[in-house]
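Database features (Swiss-Prot):
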- G149, V150, S151, R152, T153, S154, K155, T156: ADP binding site (BINDING)
Amino acid sequence: MQQMTIFVISDSSGETALTVAQTAVSQYPTIQVSYQRFPFIQTDSILDGILNLAKKQRAMIFHTLVSPKLSQHVREFAAMNHLQQFDCIQPAMDVMHQATGLEPEGVPGLVHNLNDTYFDRIAAMEFAVTYDDGKDPTGLLKADIVILGVSRTSKTPLSLFLANRNLRVANLPLSPKTQLPDELWQVDPKRIFGLTNRPEILRKIRQERMLSYGLPADSAYSDTAKITEELAYAQKLYKKIGCLVIDVSNKSIEETATLIMESVDYDLIPHSLQD
């Protein structure tokens, strides 16, 4: 069965774009689709982080962004990176403009009330983008949750998904040859989650990754022995830290996120609000 990933990006709840995507997909029953939803996106930095993730996953994009600037950015990014995208709102607004001669308000979320939860979510999304992939280890000390894992264990999409649940997440890639930041040892183990996978599944994921770059599938990156070594190193580290370990093999992002949200001690992160 053919598989596809669809990103739903919106400056509001994303219900409209999700409904359009699901309606279109329903006409193709032989395709297995994974949806990743990113609501309340209103800044360039967050949008860029999501678009780069879409590029990595070769995802199709359905979006409702009332800002012409952000909407155009999605279209241009998709064209430049050979991604399929569908704008679910700008064409409709253009028709309204032509029919009435009036300019749109250009204000996102007019049909939704903004509250503290909304602003917490925006802050969490900004945090996830800033402290993705170990870019700044100081984020480990500021995060509600720290996610560890070797390459291609879904750290970034998981971080963004949890950010949509108002959790501030930093993630750190693991490799036997990479020195761990000192900040990691200052984080409460109850806030750390280690991801693992089966070598054969991870090998396939990495091979597909190489092919998406137009490179040979078989390389040191997708070598089974190297992957096994990386996973063993990660497992040893998790045991030393004393953190919860989650096997993400054959789990969706949503399933892994649910396990984390059910396991996290919210008394340690009082500023994070849950829906």
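Just so it is clear, glycine is given a Cβ too, placed from its N, Cα and C backbone atoms.
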Show, in sequence order, which residues other than G149, V150, S151, R152, T153, S154, K155, T156 on the same chain lie with their Cβ within 8 Å of the centre of the Cβ atoms of the ADP site.
N171, P173, L195
For S154 (ADP binding site), which residues in the same chain are close in space, meaning a Cβ under 8 Å from its Cβ, but six or more apart along the sequence?
L195, V248, I253, T256
Given the binding-site residues S151, T156, which one's Cβ is surrounded by the fewest other Cβ atoms within 10 Å?
S151
Number of Cβ atoms other than its own within 10 Å, given for V150 (ADP binding site):
22
Determine the Cβ neighbour count for G149 (ADP binding site): the number of other Cβ atoms within 10 Å of its Cβ.
25
Which state, by DSSP, holds T153 (ADP binding site): helix, strand or coil?
coil
If I restrict to non-local contacts, at least six residues apart, and a C-beta distance under 8 angstroms, what lies near T153 (ADP binding site) in its own chain?
L195, T196, N197, L202, V248
Including all protein chains displayed, how many Cβ atoms other than that of R152 (ADP binding site) lie within 10 Å of its Cβ?
21
